[in-house]
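Look at TrEMBL and you will find A:130-428 tagged as domain 'NADH:quinone oxidoreductase/Mrp antiporter transmembrane'. Residues or ranges marked as transmembrane segment by TrEMBL: A:6-25, A:37-56, A:76-101, A:113-131, A:165-189, A:250-272, A:284-302, A:311-329, A:341-361, A:373-394, A:414-434, A:468-492 (among others).
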Amino acid sequence: MSPDHMIWISLALPLLAVGLIAFFGKTPDLRDGASGTIAGLLFIVTASLSIGVFSGERPELHLGEMLPGFEIAFRVEPLGMLFALVASGLWILTTAYAVGYMRGHHELHQTRFFACFAIAIFAALAAAFSANLFTLFVAYEVMTISTYPLVTHHGTEEAKRGGRIYLGILLSTSIAFFMLAIVWTWSLAGTLDFKLGGILSDAVAEDRISQTGLGVLIGLFAFGIGKAALMPFHRWLPAAMVAPTPVSALLHAVAVVKVGVFSVMKVCVYIFGLELLRETGVSLYLAYVAGFTLVVASLVAMTKDNLKARLAYSTIGQLAYITLGAMLATPNSVIGGGMHIAMHAVGKITLFFCAGAIYVAAHKKNISDMEGLGRKMPFTFAAFLIASVSIIGLPPGGGAWSKWFLAVGTVETHQYLLTAALMVSSLLNIAYLVPIPIRAFMKPKSGSPDEPVQETGGWFANLQEAPALCVVPLCVTAIGSVALFFAAEWIYQALLPITMMPS
Amino acid sequence: MIDAIYAHLPILLIVLPLVAAPCCVLVGNGRAAYLLALVVSFLTFACSIVLLGEALDHDVIRYELGNWSPPYGIEYRVDIFSGFVMAFVSGIGAIVLVYAPLSVRDEIPASKHYLFYATYLLCMTGLLGMCVTGDLFNVFVFLEISSLSSYALISLGRTRRAPLAAFQYLILGSIGATFILIGIGLLYQMTGTLNMADIAARVPHEHGPRTVLVAFAFLTVGLCVKMAVFPLHTWLPNAYTYAPSVVTCFIAATATKVSVYAFVRIIFGIITPGFAFDVLPLDTELMLFSLVGIFIASTAAIYQDNVKRLLAYSSVAQIGYMLLGISMATPTGLSGGIVHMFNHALIKGGLFMVAGCFALRLGSVQLSDWKGAGRTMPFTALAWAIGGLALIGVPLTAGFISKWLLLTSAFETGRWPIAVLMLLSSLLAVVYVWRVVETLFFSEPSEAAANATEAPLRMLVPTYVLIGATLLFGVWTPYSAGIARQAAIALLGGTP
Amino acid sequence: MTLESIAGLYNYWVVIFLMMTGFYIVLARKNLIKSVIGLNIFQTSVFLLYITMGKVDHGTAPIVPPAIAAEQAHAAHGTTEAGHAAVGHAALEHAETAQGLAHDVAHNLADDAISHGSELAHASTEIIYSNPLPSVLMLTAIVVGIATTALALALVVRIREDYGTVDEERILELDRGE
């Protein structure tokens, strides 16, 4: 099987899953089994594809032109490969988790839920493998639309409102800014292909676009890719938290938001070219916007008592790290940003899994109600703690490396204010994440006279964990976030080619 | 025999529906008239497809009516552009007829059915005639045939407002048509011929007598009324709202487009873009009115509770996009405008069909009565969602293709503020489309919606043919954008 | 512009006066019947515009005199078609010269008409004809106008049946009152 074939197989698998899910809609066991099996197959395919890609292959797939000059085409490069690996790997775990959650919670419309989910994964892979801006844009929009039914899954007034904000911001920014930026790029470069070193250097050399114009263009990209949640276009992310937790977990910690920052990185690396960005410095102001976002988002997160809302703001902050890395445009910062896509994905999905597990087992949404819960749900809260360490950026969490490279990037470009912002934000991360598991373990359960403290029966009998299908995935991802600490070298080597100049 | 038919295809296209119309009246029976109209409309569609193929393969097809050679006789000319417009007008005419019977039975008294189909065929005759003829006065005659029959069709609506809407349209439409007649008269006075190609060769442009300018002004204003360009659109919302559903589907998808066709013919064939856009400031004016119209009409659409009126205002806005493309006068811009005629015909035809399905099942086109209908009529509601996305211009739908072409040509000609404004105006489309989607899917069902059943297959299938076509032509464009580009290059004088 | 040229264009003044009158009535009158009447006046002014433009100074009705017709039948037996074309063309040419616009029309002459028709064209140039085409066009336009009027009146009848009035403001009031 050649790598070129593997591209279309990996794109077809999620679509096949949609078909199977719809077909087996009446028999949940078969349906969920099919979903899980395909998720596994997909991971195997992407993993075997990645071996070639990381050793320098660049398989391509052309699906044909829509209009002269631009086409739906795929070309796998390391950054996209890494993203595809993360998305497909976490899809397996999320499927398992979602089955546990949705059944444990007796949710309705599960078939629609899993079908839309698979479409979103398809969109994530299509974006990851896209060979040009147009394909990326199409995948981006498919993802926006396919996740809308997931966000409004409950169909309540609140869900409707959340969905309106979600779709409103994502669709408007993408139409008003992203598309404008694409058309502008097209008129400057005459192509939309992703190319190492960028495609705009000719236009700059021929003086067809001024420095200011270049700054506006990259601004259009950064804000137009609303999924990167750069302030002030971040409101959709907290709004989308009305969705069931597995959706928040995969889509709003992995697929949707990561498509956003991934697109930003791809634009910086393959449309502008790192060298152009460094020489002109046009992206620096966006680095400051990102710096502002990451501090402010962390501050807002501290004020939130609802666990999912706090995680949502935490996500906004962490996404800004990646954008920051892309905008600094040094090799180290870009690698740090790319690495953080993986590190944050694994960490944040663990946190969301935990939030869902707590909700299923104890029906608690607010942090203030979780005191003392750690004794009943030790696995969940232990996983929460481990993942928090990774998000904060402390060893042995994977996040330590990505934040290290980002900090190096700020120092290399002598933007010490941004270095300070990174440090402040990390402190804030500690302040809003760590107390949650600590208080859950340390504090006794407060004010619950109806539940007498059970002293008898030993430690194990006191457990009131969520269903195993919920707990096992979150333990796996927690372990994963530590394992990534030791895999950093491998990711670094894999991402190194994207920072090089084309030979 | 086959050859003889082949040679006379351009006239068959007109004669078939024209003769079938009185036959429908003579038959005097709704069902038989329907079958006749259906067969004839598909035959016409076949004719125009063959003609389009011929025009694409070879060259302009000329047909001398009654063997009188031009400029004495009337000449019919089919080139790529007219073939393209004819093909989609007759195609949509045929599909709408497939969709029609149940809706017609519901909305029009049985005693008038045969008259309805006769008038429908006449309307189609007029629209096709405007495309096929190469004679300027003939354009006027066919314009009036289509207009008069569409006034009659609109007046068939269920409510008592329908005749009034038709009357208002009649007054404005006739003024527009008379303006066109004056323009034609003045051009004839200057050139002594009515054949469009002849006029183009003889009309004095720069430093010519002022009569020519006055003629152009009358033609432009007259056609702007028929195209419903802001601020001359006032007839359109009422006409579309109160007409029977089937009539709205057909007229909304075709009538204004054919007027746009005539306008393009006159600007690029007779006035010539160099004169209209470089010497005269027609492009700036068109762009101004288009953009103002797009914003005002889209905003108006947001506040409508009647879905047909909402779509009608959206149509006014969409005409603005077509004119934007036309006024750019570059191959990309013009082909964007032309392909948007086609794409918008598919999209709007499809959406009005959806409205017709809901009207049949819920007995209303008020948005408040559509609440929650997505649960009982999921397929109809899904068609709305897809059509709505195409209207917004989301990628992989036909709407995206036209918008992309328009945007790139705005950048090519250095008019990036127009690109920005176009994108901002799409956001208004998001709002009015999504208001309906939310009402369909996320509201507690109204009483009517809770008891409704899915629309009948006979209506759903044609609806999905059009809606499916918007998806098909969103990814596969040789026969939409490709033809439009060829047409645009031919119109601009062969230089790409 | 001298008084003479203003007076010489008197037909246009009549046309413009009628046109504006009709246009004003259409826009200003709220009575539907009166709108229709205004529309008619408006259209009639256009008929007049066309018909006056076809008139050639000292021209007669464009009918071939019997003498020439007999000669034609004799000389060009069997080529009536070509003859027609030529006569029609000659008339056209006159209309143009009368308007002071010189055009190269020769290329438009149908090949077969040239040989047979030249002699006849020569004969007919001695008589000046008015241009018949605008009148013919107006026949069509009048038919269209009648159809429009008929349809408009039919609509007014239906409106009156439904609303009991033909006053537009009253009708709108009734609609609002619903």
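Heads up, residue numbers simply count up from 1 along the chain you see.
The backbone N, Cα and C atoms fix where each Cβ goes, glycine too.
Just so you know, TrEMBL annotations never went through curation; they're auto-generated.
Same-chain neighbours of the transmembrane segment (A:311-329): 218, 222, 228-231, 234, 237-238, 240-241, 248, 252-253, 257, 260-261, 264-265, 268-269, 274, 277-278, 283-284, 286-287, 290-291, 293-295, 297-298, 300-301, 304, 335-338, 340-341, 344, 348, 351-352, 355, 391, 402-403, 405-406, 409-410, 412-413, 415, 418, 422, 425, 429, 432-433, counting only residues six or more beyond its ends whose CB sits under 8 Å from a CB of the stretch. Here the transmembrane segment (A:284-302) does not touch the transmembrane segment (A:468-492). Their Cβ atoms form fewer than 3 pairs under 8 Å, with each pair 6 or more residues apart. With pairs at least 6 apart in sequence, the transmembrane segment (A:468-492) and the transmembrane segment (A:373-394) have 3 or more Cβ pairs within the 8 Å limit; the two touch.
When each of A:6-25, A:165-189, A:250-272, A:414-434 is scored by its Cβ pairs under 8 Å to the transmembrane segment (A:113-131), the top-ranked stretch turns out to be A:6-25.
Counting only same-chain residues 6+ beyond the ends of the transmembrane segment (A:414-434), those with a CB under 8 A from a CB of the stretch are 284, 287-288, 291-292, 294-295, 298-299, 301-302, 310, 314, 317, 321, 324, 328, 351, 385, 388, 391-393, 403, 406-407. Of the ranges A:6-25, A:76-101, A:468-492, the one with the most Cβ pairs under 8 Å to the transmembrane segment (A:37-56) is A:76-101.
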